[in-house]
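Taken straight from TrEMBL:
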DOMAIN    17-59  domain 'EGF-like'
DOMAIN    61-101  domain 'EGF-like'
DISULFID  C91-C100  disulfide bond
DOMAIN    103-293  domain 'Laminin G'
DOMAIN    295-331  domain 'EGF-like'
DISULFID  C321-C330  disulfide bond
DOMAIN    337-510  domain 'Laminin G'
DOMAIN    512-548  domain 'EGF-like'
DISULFID  C538-C547  disulfide bond
DOMAIN    575-771  domain 'Laminin G'
DOMAIN    773-809  domain 'EGF-like'
DISULFID  C799-C808  disulfide bond
DOMAIN    811-846  domain 'EGF-like'
DISULFID  C815-C825  disulfide bond
DISULFID  C836-C845  disulfide bond
DOMAIN    848-884  domain 'EGF-like'
DISULFID  C874-C883  disulfide bond
DOMAIN    904-942  domain 'EGF-like'
DISULFID  C932-C941  disulfide bond
DOMAIN    944-980  domain 'EGF-like'
DISULFID  C970-C979  disulfide bond
TRANSMEM  992-1018  transmembrane segment
Amino acid sequence: KELPLATYGGEWAENEVIDQCDPSPCQNGGRCESHVGGYICHCPKQSHDGFQYGGVNCDERLVGCEGHECQNQGSCSPFLLDGTHGYTCSCSPGYTGPLCKTPTTFSFERRGYLLLQSPLVDAEVSCNITLSFKTVLPRAVLFQRNSRGLLLSLELDEGRLRLTLRKEASAGAEAESPSHVLELPHNVTDGEWYSVEAVLIHWVLTLKLLDDAGSCGNQSCHRAAPVQNTLAGPAAPPQNTFIGGVLRDSNGPNEVSPLPAFIGCMQDVFVDWQLVVPEEWLSDRAVNVSPGCSHRDRCLDVPCQNRGQCVNLWQSYQCRCPRPYEGQDCEEEHVTARFGNEDSQSYAAFTVTDDLGHDLSISLFLRTRRDSGLLLALANGSGQQYLNMWLEDGKVTVQLHNAESLKAESAIDDGEVHFVSVAMVKDHMTLYVETQKQIEVAVRTVGVQAGDTVYVGGLLGSRKTSMFGGYFKGCIQDLRVNDRRLQFFGLDTSVRAYPLEVMENVTAGCSGDNACSRNPCLNGGMCFSMWDDFTCTCPPKTAGRRCEEVRWCEMSPCPTDSECRMLSQGYECYSNATFLNDSTVLSYRGNGKISRNLTNLSLNLRTRRRNAAILHAEKDSAFLTLSVQDGSLFMELQSTTEEDRREGQGVSTVSLSSRRSVSDGEWHNVHLFMAAPWAQTSLWTLVLDEEIEEASTSRSQGGNLDFLRQGVDIFLGGLAPDAGWSLTGCLDTVELGGIALPYLSSSDVNLPRLQEEQFVQTSLHPPLLGCSGAPVCEPSPCLNGGECHDFFNTYNCSCADGWAGRRCDFFTNTCASGPCVHGNCSVNGMTYECACEFGYAGVDCEEEVDVCENHLCAHGGTCLHGPDRYACLCPENYTGPLCNERIEEIPWYIVVKNVRPKLPVSVCGDNTRNYTCFNGGNCTDRELSCDCVPGFIGHRCEQEVDECKSNPCLNGGYCRNLINKFICVCDMSFAGDVCQTDLTSEGLTSDLLLSISLVSVVLLLALILTSVSLVVALNRRATHGTYSPSRQEKEGSRVEMWSITQPPPVERLI
């Protein structure tokens, strides 16, 4: 209000506007706005207490939304009008009406449209269309409006919005290219709701994506462009607006436009600010449009099989199938062609029916376990091959125009399915295995023409096929040349394919051969068939792909008293055998399957016979004899070779003997062999007990032992049964050319012998297994701890130390057992004596004794302990190491002190030069001098320092000498360390104190005189006596510690 202001100073003031908002009359957070004549309170939508308020001053609580009837998630907004409470409903997307009951959503489930007609209100062309939609189709028309010869259409192109304005085509003429196009870069076909606004007003074209969810990001959601007003033609009402699809009325009312129809849902469609409500449609204006939105993503059901990719088509789906699958759900698989079933020769041929140009692509699926074989070949009309693809070392190899071949890096002969492709583009060829590039090279261009032939798996002739590794064995599937298929079975006329001309031994499917039908697993292994392969489950103790490796010895095939040895094929049991006389001679023969050359002979021998036959065999003029002659081993060989027999030459004889005797009853190893086993004839060598240095070599050459392989009796243990000169002793298993002459027959072992080359025992009586002579060591004949050794019917004793003789019954060394524990032993006839170490005693020096026990210090000398000896402290008038030397003069320390040294003594030196330090002095061996402790002086630290000599005590104090110090005994009137403190007051005297002082002075003088006398006596002794330090050092002092007398050894009789 404008009110006249009071006047001041007799004058009228100017009119002034009063601020009605100061103070603010608005309550509950209301904002006051003042104006002339009053104010207005703007009440907040929600106050701090959670309620809304209205009224002039925002002081009345709004209760209109209590019990409201807004539906479908519509929000209620209360109001107060003329004192009456009420509310309005704000509808959520897809609904309209006072209470949000009317749905605005409709859907296109298949091709259709919604036609809206409106009169041309204004002479100027204008259009304002806003709609929300969701779809998954990348191309579709959202709406199209024709007005005065113009077509305004909003479309989806590759998932993006595109608004187009162009002239409408006249009758019989084609539509011109778009005049104006607006595009937005966002993808809006992901099945979510999007809102878009398209406006044409005042000849400005605008496209705007209403971004509520922030989907625009950094990209622009708005496009605008001016258009020419000359595009419009004369008015031709009414205006037609097609939603979701269009009809081209130029060629007839029912011809569908080539533009793709919209499949999806729409809602809140406003055409020129008018909401399109499904309830208000005319039935003839809506084709295939249904209210609501019932979209369901069919791909959620995962309908596509075999790794197919599902594409959502709103009301349906589409499967993008990977090769080699096809069908609605990728459930169908291309029929696989099997080549080389049961090792047959398979191939197929196709004819090319059109020219393919210079770009060529060959692709196929491949499965094989063969590392070689022809896969594919291209030949021209004259039969000349210009492209070959084959397997080499399991790797795909390609050759073009007989040029250098290209080989892949990775092998594919593992029985798995692999995708192989070859691409030739212009002058480059690339080989792929799976998706990995193997090699790429520059090549001469190739041109596949009609009439050329494609050979698969092999050529018509096996000779040509063998040049590429032979016929292919395996499976091929989905073979394609460019986009043409090569179908072996189930020919499908709906696809582009080359005709099949010939096919041999190719079967449908990819079943492998039954590799177990040939029983490949050995030694009881169980066979399991795999694709074109097998695997063996081997029994225990066997191994290998075919269970061919048998660990025979782990299955305990031999008896317990024999040794199992593995062979390349099987096993053999090695044992010992005893030979006693002619009745124990054994005979053997080859089994007729021995093919190796017999060039050596090995055995172990034990005998005491000096003359005996060990092994003998003969055939015609050839023979072999191994014997013991005069205790030495002797071999005699006479053999003929095939060449000698053909040329009629004579036989060669070889003689060998050992350098040492073998008739000692011990085991000896014998090895006979040809020096050059590969030659027809060679020198022979004898090695005894593996002593190579003492080996014997024959002077002449001889042949091998091949005449023993078949049809010859080999006698072991003698020349022959009942022929005499038989062996008495033991042999282990003899080997001829590495083949054993076994003592155990087939019935004696637990498993069959599988080796082909064998010597078979032909003697009727079994051998005496083991090496068992007379039990000469049971009981043991050896005495005194001797060990008995069996040398086949005789024995030998290994005696303990100090014993000898055949039975260890002769004693040789009484000190051999080391009886002296801490001393040296010496033999004394049949007994011994021990010289004990210092500190030990006893017959065997086993007792530890005190060094001063039984000491030899004479004349009452005192034994002093040392670290490893003792010393004697002699009494007066005696000296020497044992105090046995008498002296006339009394030693100084007895005269002065008449006591022993106060501290321990130490000794250094030896028996000739020695030195003794008293009173804790340290003695050194190098200089033979004493390092005295504080308080002692002298060459041997024998003199104690008199600290009272300087009369340190004052005021009549008495000095008491101690080691390295002194103590003052003070008068009663004085105190302090040296009696320096007077305890009486000045002038205080008495007769008694005076008398005591005089007496003290007299005693002190007497003590001084006595001390002076002693000093004089000591000085005289040091200069005029018979004591000499040099003589003492040479002859020894009274305390002698360098010589320790040990007790004599104790004699012991045994």
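The backbone N, Cα and C atoms fix where each Cβ goes, and this holds for glycine too.
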With DSSP, how much of the domain 'EGF-like' (512-548) is helix, how much strand and how much coil, in residues?
-> 4 helix, 12 strand, 21 coil
Same-chain residues six or more away whose CB lies under 8 A from the CB of C979 (disulfide bond)?
-> C953, L954, N955, G956, G957, C968, C970, D971
Within 10 Å of the Cβ of C932 (disulfide bond), how many other Cβ atoms can be counted across all chains shown?
-> 22
When the Cα-Cα distance from C836 (disulfide bond) is computed for each of the disulfide-bonded residues C100, C321, C815, C874, which gives the smallest value?
-> C815
Cβ density check for C874 (disulfide bond), other Cβ within 10 Å (all protein chains) comes to 27
Cβ neighbours within the same chain of C547 (disulfide bond) - under 8 Å, at least six residues apart = C521, L522, N523, G524, G525, C536, C538, P539
Only counting partners 6 or more residues apart, tell me which same-chain residues put their Cβ under 8 Å from the Cβ of C321 (disulfide bond).
-> C304, N306, G308, G327, C330
By a simple count, how many Cβ atoms lie within 10 Å of the Cβ of C91 (disulfide bond), its own Cβ left out?
-> 22
Spacing of the two Cα atoms, C100 (disulfide bond) and C932 (disulfide bond), in whole angstrom, works out to 124
Counting every protein chain shown, other Cβ atoms within 10 Å of the Cβ of C970 (disulfide bond) number 20
Expressed in Å to no decimal places, the gap between the Cα atoms of C941 (disulfide bond) and C874 (disulfide bond) is 18
Rounded distance in angstrom between the Cα atoms of C799 (disulfide bond) and C815 (disulfide bond) = 15
Measure from the Cα of C91 (disulfide bond) to the Cα of every one of the disulfide-bonded residues C815, C825, C845, C932, then give the nearest.
-> C932
Along the domain 'EGF-like' (61-101), what average pLDDT does this model show?
-> 91
Check: min Cα-Cα distance from C874 (disulfide bond) over disulfide-bonded residues C808, C815, C825, C845, C932 goes to C932
Neighbours of C883 (disulfide bond) among disulfide-bonded residues C815, C825, C932 (C-alpha cutoff 10 angstroms), in sequence order, are none
What's the CA-CA gap between C932 (disulfide bond) and C825 (disulfide bond) in angstrom, rounded?
-> 44
